[in-house]
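Here's the structure we're looking at; comments come further down.
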Ligand SMILES: Nc1nc2c(ncn2[C@@H]2O[C@H](COP(=O)(O)OP(=O)(O)OP(=O)(O)O)[C@@H](O)[C@H]2O)c(=O)[nH]1
Ligand SMILES: [Mg+2]
């Protein structure tokens, strides 16, 4: 794929924050006057993408999010269901996809991912030292993967990473991290309150 193809930006954001305990999408890690986590994710994608889509199931609670909000085709079907719904809604040949719970994405790393030339169906970085762990929610997918993802979902697959690994996926390799995000902090996602403590420590360091 050429590096100048138009991208849709998709935030997968219909989770329930069960491990976190409160709706993590509402966290304001940059102070009360800063964005909430979902708004932060949208703002990261906007400069890189010709349209921005958020996949969630309580659209009425997010009237001010400057993105096209689409619901899950099957609410509660997990992040794989959310990805399928987002890819169905997109209007470009490929999408840059992130989750709503990633407070430390380095904009330059995301921009590099968006421009990275690749062959194959998906571009998914692996964490340093973990070449068999492609990250499905810091990734680029071609729209053409939709039928394969739908078949996996219909067959009962709910594990997003497993569905990604069944595609022809490509790793941009360690150069992405070396150049833009040496600790790969872009991949940190807030699953538990402990993850929030770690993220806040990082944010204090970079401020
Ligand atoms: N659209 C959609 N997104 C989902 C769904 N489940 C999870 N997600 C999103 O996928 C991303 C990764 O999910 P998790 O980290 O497990 O987040 P979560 O589901 O809110 O958290 P837990 O309830 O603790 O698993 C988050 O941005 C979630 O909002 C779903 O059923 N639909
Ligand atoms: Mg998570």
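A Cβ is built for glycine as well, from the same backbone N, Cα and C atoms used for every other residue.
Residues or ranges marked as GTP binding site by TrEMBL: 12, 13, 14, 24, 72, 101. Counting only same-chain residues at least 6 apart in sequence, those with a Cβ under 8 Å from the Cβ of residue 14 (GTP binding site) are 55, 56, 57, 71, 72, 75, 76, 82.
The Mg(2+) binding site annotation in TrEMBL covers 101. Cβ environment of residue 101 (GTP binding site): 15, 20, 24, 25, 37, 189, 190, 191 lie under 8 Å away, each six or more residues apart in the same chain.
According to TrEMBL, the domain 'MobA-like NTP transferase' annotation covers 9-164.
Over all protein chains present, the Cβ of residue 12 (GTP binding site) has 27 other Cβ atoms lying within 10 Å. Over the domain 'MobA-like NTP transferase' (9-164) the predicted model carries a mean pLDDT of 97.
Considering other CB atoms within 10 Å as the measure, the emptiest surroundings among the binding-site residues 24, 72 are those of 72. Spanning the listed GTP site, residues 12, 13, 14, 24, 72, 101 have a farthest Cα to Cα distance of 19 Å.
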